[in-house]
Amino acid sequence: MADHIPLHPVPRSTQRRTAYYTSVPAAQRHNSRYQVEDESSHLDEMPLMMSEEGFENDESDYHTLPRARVSHRKRGLEWFICGGWKFLCASCCDWLINICRRKKELKARTVWLGCPEKCEEKYPRNAIKNQKYNFFTFIPGVLYEQFKFFLNLYFLVVSCSQFVPALKIGYLYTYWAPLGFVLAVTMVREAVDEFRRYQRDKEMNSQLYSKLTIRGKVQVKSSDIQVGDLIIVEKNQRIPSDMVFLRTSEKTGSCFIRTDQLDGETDWKLKVAVSCTQRLPALGDLFSISAYVYAQKPQLDIHSFEGTFTRVGLLDLELNQLTKALFLALVALSIVMVTLQGFVGPWYRNLFRFLLLFSYIIPISLRVNLDMGKAAYGWMIMKDDNIPGTVVRTSTIPEELGRLVYLLTDKTGTLTQNEMIFKRLHLGTVSYGTDTMDEIQNHIVNSYSQMHSQSSGNSTSSTPSRKVQSSAPKVRKTVSSRIHEAVKAIALCHNVTPVYESHAGVTGETEYAEVDQNFSDENRTYQASSPDEVALVQWTESVGLTLVNRDLTSMQLKSPGGQILTYYILQVFPFTSESKRMGIIVRDESTGEITFYMKGADVAMSTIVQYNDWLEEECGNMAREGLRTLVVAKKSLTEEQYQDFENRYNQAKLSIHDRALKVAAVVESLEREMELLCLTGVEDQLQADVRPTLEMLRNAGIKIWMLTGDKLETATCIAKSSHLVSRTQDIHIFRPVISRGEAHLELNAFRRKHDCALVISGDSLEVCLKYYEHEFVELACQCPAVVCCRCSPTQKAHIVKLLQHHTGKRTCAIGDGGNDVSMIQAADCGIGIEGKEGKQASLAADFSITQFKHIGRLLMVHGRNSYKRSAALGQFVMHRGLIISTMQAVFSSVFYFASIPLYQGFLMVGYATIYTMFPVFSLVLDQDVKPEMALLYPELYKDLTKGRSLSFKTFLIWVLISIYQGGILMYGALLLFESEFVHVVAISFTALIFTELLMVALTIRTWHWLMVVAEFFSLGCYVASLAFLNEYFGIGRVSFGAFLDVAFITTVTFLWKVSAITVVSCLPLYILKYLKRKFSPPSYSKLTS
């Protein structure tokens, strides 16, 4: 951050001089709890003024502009009736909300170094908090989350109605026991999830850091760091908060920082400490200067991210819609019953009683069954040995994994390992790969041994020969000399710094690490702003030419023979995304030669180097192999040429107007007719099995978008090497656009392309979305793959929301860095990879995996099974409530539409729990195909994205089945048991239990031993309960006084008639299912057969 810190010394009235510094705030992590309103958003509502040129260019634009609002102000009663009441209510609500949640005004602050107590206001704690509730809000919060669903709210109203004597139709526990059980299970699950979040937060907040005080160092927890504290951050330690870089152990004040938690890039970036504090003799002197940091107010930037805590799956929303449809059916059925009754007496009371009688149409056990099923799915995922280390952090949406259409993935650390390996060196006539690098090493050893022998024999003999060689470039060089020049250029043209471990003891004062003069290889590491650069320097080390030291003015190389070669750095031209190249001018200490080296992308270097006939072709060949290419060139300069350049360069840097353009023009004057040395190919290693995993996801019908903050060339290269874009597909690179007209032309050009992948930069994307959002998303969604490069975290989240809004399909985001958190939390399903970039993405995601390849099994097996099982479970639970409500309707019709219950007390509670719960819940173990088959045929996943497993069509089929079976059971009981009419409750209820158990058996596709146990256990529980619950088996126990006749139910007549009713209710359905499977089999049945 030091490059953004202006220094302003302020005089004081005392004799002592004190330095004051302006910078960014320290130790503040919770900036996101404050929100800054964007005043520019109000400009969108204002009409725009266009110039005459604008009308001439595009008259249609005028019609798309928002028109100025012209309204006549209504007064009095007319205003109130025409919407004024809504305005008043909204204003009152806003006023109350503002009173309760008064936003804190953001303002600049003054932070005294090392003196948190001097802060003018209290700042938030430096603590990570991912918890949803606290001690006081847990119960109200959980109750709100449950009762915002129509299903649970309905049963709360029904249960409360039983306190009214005129509406009471049964025992209180008949309604309150199931509701209490549902809430208890939900609270336990939420409490477990909350405790896990608390433990994860505690682990992060308990990390220890060294805090510098007047009395020395003290250890403090990350959460106890305050604004103004002086924190000592050791090597390889995470920076715990936003900080100002005051001092480093290096004399120059430099330090390498990794920003993987901000932008996902794991390369090292050079930062320089504030010069005033760096020059202090010792750390303790920071307290002797009375200094403060003046910081601007918190801004919305890359360090902020959007987040949501609570997720609700699409299946839950669909089931919520179906329960509303069931409620309408319930009301309609109750009205029909009261109408047939003739509206006699207090009909409104009878209407409400019918609503209560038929309330089992909406099954309260639906929520608890689904929640328990989701917990079971999560347990199965975490216990799967094929995807070790997978963690389910959100247990409410596992079925979302089974219906994804869009997968948005990060690149660095997700698809790739961010480990660069040198793969290819091409010299034009000869190419070297990984298997022939030993030849290069032999050439380098021989070359430098000859130079060393010449210099030892005659110190001056080497100079003229090298000068002749450099001054006569037209003479054909040997392969050995060309390799020598190419390797030396790669070893010199970079911004890499070797860093050595300091062996000095740790004392109270920070000591400067002196570089070992022997330049030992054991404790040397390389740091640079790009992993490509490190890969190149590591390769030159492997072939014998080692970078051993570098500072601001020089660098030193070690030859294969151990000789130290010193080069003075005269100028450095850093890499920029515009220039796509970097350069360096060095002077050889031994010969005095001045050489300008440059390397860059082929598109930038092709016009700079001398004419050749191989560069373009070989760049294309390497790109097809997925290699990142760099062109290396050089130009020898005389002393006069360099002095002329330096004078013009310094003069351009002092220009007041158009400084950047003038500097660039001077540098470009050197970039002419440069000698082409070589072409390098570096591979960014992919994660294990990335290619087959992406192919599997494509075959499953999932469209993959890669969103990365990396360069366009790098992103395109990885898209090819990972087979995100297949070899046969074309790639349309969306050219940079900055205006509406350019975007219009480029979109038209893109529209003419067919079946091609799209590559677009974040800046161009912003312009397209500003003017042509709908058109762009429509075109992009037709592409087999999309690559968005140079994306900020906010843009990543925005793209996710665009896909959700425009397509209505389910999205999944996967990443591994802090810059992916906003994208992960914006998606319907977030997956985090726990990797080199820390745990931030993993902790914020719904699911955490250790490798990208695990996503295949997570979706194809667990996601598919979870969705199909939840759909079957939900519909079967609704069937269980519909069938008993149908029987109640038939029973009331027979008894002249009387509003009396057919089954009371424990029968109703037992029916939804102990008698049928275990067999129905055992459906969570069912599977249509084996996991190996689901992975082998990912096309099976396509069917799920259409939502056919749970739709209004399948719902209506189950409704018809329930009406048919309920009618058969009740009318069959009345028909076959006409002489024993008082036993109709025992007869019909027994047939109902048998039917439910048989329907579960007919629904199961793959038997599990627990399913068999559940069937026989439930049947045994029912048979055993007949002896204890005989008082309930009468028709209206109070009214009729009929009790269970044990002798009667043990007769053969009872058994065969109950069996006959059960067979009639189930056999036709089995026949229909068999015929459908035979003549129109589902896709999975073709594989299982």
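Using the three backbone atoms N, Cα and C, a Cβ is placed for every residue, glycine included.
The shown structure was predicted, so the numbers you read here are calculated from the model rather than taken from an experiment.
Of all ranges given (153-172, 173-192), TrEMBL attaches the label transmembrane segment to 173-192. Stretch with the largest number of CB pairs closer than 8 A to the transmembrane segment (173-192), among 325-345, 905-925, 981-1002, 1009-1028, 1048-1072: 905-925. If you measure from the Cα atom of Arg628 (ATP binding site) to that of Asp410 (active site, 4-aspartylphosphate intermediate), you get 18 Å. A sphere of 10 angstroms centred on the C-beta of Asp816 (Mg(2+) binding site) encloses 33 other C-beta atoms. Of the candidate ranges 905-925, 1009-1028, 1048-1072, 1048-1072 contributes the most Cβ pairs within a distance under 8 Å of the transmembrane segment (955-975). Here the listed stretches are 325-345, 981-1002, 1009-1028, 1048-1072, and the one with the most C-beta pairs under 8 angstroms to the transmembrane segment (905-925) is 1009-1028. Among the stretches 325-345, 981-1002, 1009-1028, the one making the largest number of Cβ pairs under 8 Å with the transmembrane segment (1048-1072) is 981-1002. Shown are the binding-site residues Arg628, Arg790; the one with the most C-beta atoms within 10 angstroms of its own C-beta is Arg628. The recorded positions shown are Asp410, Phe575, Gly709; of these, the one with its CA atom nearest the CA of Asp816 (Mg(2+) binding site) is Asp410. Within 10 Å of the Cβ of Asp410 (active site, 4-aspartylphosphate intermediate) there are 29 other Cβ atoms, across all protein chains.
Of all the recorded positions given, namely Asp410, Phe575, Arg790, those whose Cα is no farther than the 10 Å limit from the Cα of Asp820 (Mg(2+) binding site) are Asp410. Distance between Cα atoms for Arg790 (ATP binding site) and Thr412 (Mg(2+) binding site): 12 Å, as a whole number. For the binding-site residues Phe575, Gly709, Asn819, the largest tally of other C-beta atoms within 10 A is found at Asn819.
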